[in-house]
Amino acid sequence: DAPKVPDSRGDSDGPRRGSLCDRHCAAINNGQGDLGELGCHLHRPRVPPATSTPSCCQQHSEEVCESCVVKTTLTAENAVEANKLSNNYKFGFKKWKSHVTERPWEDRSEIVKELYSDLNIIRGSGGSTLTCGNVLYLLLFGWWLSLLYVLVAAVMFVTVMGAPYGELCWDLAGYFLWPFGKVIQKVEVPKSHQACEAGMGESSALLGGPTPLRWRLRCWVGTGYWHYASTAVWLCLGYPLLALAHGLVSVTAWLLIVFIPVAKLSTRATSRVLLLPPERVLIQHLRMTEVPLEGEVILCCYRAANPYYYKYAVDGINVFAVNLLPLVLVTLVLGYVDSPNHLTGSAVKFTLALLSIMPLSYYIGMAIASISAQSNFAVGAVVNATFGSITELTFYITALIKGSREGNRCYAEVVKSALTGTLVGCVLFVPGLCMVIGGIRHQEQRFNSRSAGVSSALLFLSVGGVFAPTLFSKVYGKLVCGECHNVTQNPLGHYLCHNCHFDLMDNNGTLYYSHVQPLVYTVSILLPAAYLIGLFFTLKTHTHIYDIHISDCHMPGHHHSAVVHWSRWRALVILLLSTLCMSACADLATEHISPILTNSTISQYFIGVTVLAMVPELPEIVNGIQFALQNNLSLSIEIGNCIAVQVCMLQIPILVLFTIFYPTNFTLVFSDLHVYASMFSVVLMNYIFMDGKCDYFQGTVLVMVYFILLAVYFFAPSPSGC
């Protein structure tokens, strides 16, 4: 219908336009600093602009609502977060999902606020306490912790002087058997002798009921010398044992992550409850309608387990990375102290070294993101280019050095398998898994096909350049076979040959040194040059292809100064220490991989393309999944593409450059299996990403193709020389 001319009573469509724009801007700001595909065109009213009232984001309504039709709008709580979000869309920069600054408390959801509570809040209606998590607490911790309190209570009663603490332990035994729906309070008690005598009566106005036995026992023990003697008995005989037990419970519950409330419960009991005078501790069972007594609430727990604790962070560090950090220390101590393998074998040390790489990769990634978000573009580009591939390069270089020292060509083949596995995994598995998980929540996901096209073009160029020396050697190399048999007993019949390869060292290596090696050096120069051109294209001359706009719209609670988790100097120190530990773990991994390669029945190809290739990329895979769940598949795809491009255009040329100064067995000639798998993966990825939209079915196709290639590598014979 044609719009009506507004009358003197006011235009009813005008407020409607403003309210829609306001709701749109509120939706932008409620994105918690993430990217979202915005669609103002879906809410565009059928009224002329002259009849609409501009109220979206006050003065910027028309600019924002008109620009978001063609741009993706990023919102953040502060300038540092905005810089981090902008860096996520810069080609060659490490993508990071987590915040690098502290989020305003009022902007967090109630679920997240509950994760960081100190278990001292009494809720009006806590619901039923009979849950699966609480029952698991009873089976894992509650029964033996309660029994320990009973034993300590018996010891305290035997000493006579510790009787008040014995009665407290008796009450705490019932509490820790099932602490849910109960409260521990710190209350004030009479201190004078007259008040103590008055407290010996049948009731207490403070409690509104009978006086606890430990109050009367404390009055019987008295003050002065006997009071100090009672405390000394408790600190010598009772408290250390209980503190040790609570420490064990805290560590175990913290490692289980979902039982972090139990860890908080035990820690608070050790540091607060057990150090209070027994007469100041009040344990009470709360009913839903009961009003709590006056006094400080020390402990009040309703649930022992919370599945949302996977979001929990300590100083910006995810709880998983915090829990895996002691593993790095154990790996280094065990690896370098127990060199003769008296305590553990090489397989255990190799596994620990690989697992230690995961948290170190996380710390390196967060340090890079923190430094880049707090620095200008030049510093961020240098840090990302220098440390972006440090995890993989550290392992590859240490493996090549060890292989050169031992004269074992198998290490070079494993490095080639790991390079190919990283390329194939980041092209097929990473985006495919993100599509599947994101497609479960979102029926269809869209992404920026233009930015994905840039990465695809670079992938085609890089794959062609990396495998050019291999194709050249296949054409001009001499096929040499280790053993041939005539299967038809006819000299002109068919021959069955084994261990065949193209010999590049025929005629004293004329083909390799005169043709293949110059080609390798030429490719190693052209690929980084192409990478720099891609950076200049995407970051300087054609930044518009990413359609990124930093929104000036903020909700009232979003004007906060940036409080970073890690300052630039702190992030730099963590980055250097993590890199140093990464080098040590890579050295241990290569030191103890030799028995696995020689004694394992699994193909060395399979070990390289799976374990050695994908374990260091697990933090990146987690980031990609988180972006996909937020309906931001563009970054999920860019994570895989960026890693694959860096493998071909940065990591391989650096390895070639390294072999110039430190001769190794590494040559840029891959097996046929690596060539076919890589090229097929890149072609399939470009076919899937052609239309700029996808669903879980297309992701399933990519993942299935990846597993088929893994099966091929699993059944493939080991490379020659291994």
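Glycine too: its Cβ is placed from the backbone N, Cα and C atoms.
What TrEMBL says about this one:
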DOMAIN    132-182  domain 'Inner membrane component'
DOMAIN    348-468  domain 'Sodium/calcium exchanger membrane region'
DOMAIN    571-713  domain 'Sodium/calcium exchanger membrane region'
TRANSMEM  135-158  transmembrane segment
TRANSMEM  232-262  transmembrane segment
TRANSMEM  317-337  transmembrane segment
TRANSMEM  343-365  transmembrane segment
TRANSMEM  377-398  transmembrane segment
TRANSMEM  418-440  transmembrane segment
TRANSMEM  452-472  transmembrane segment
TRANSMEM  571-590  transmembrane segment
TRANSMEM  602-622  transmembrane segment
TRANSMEM  643-662  transmembrane segment
TRANSMEM  668-689  transmembrane segment
TRANSMEM  696-716  transmembrane segment
Within the domain 'Sodium/calcium exchanger membrane region' (348-468), residues counted as helix, strand or coil by DSSP: 105 helix, 2 strand, 14 coil
Maximum Cβ pairs under 8 Å to the transmembrane segment (696-716) - stretch from the list 317-337, 343-365, 418-440, 571-590, 643-662: 418-440
The domain 'Inner membrane component' (132-182): DSSP-derived helix, strand, coil residue counts: 43 helix, 2 strand, 6 coil
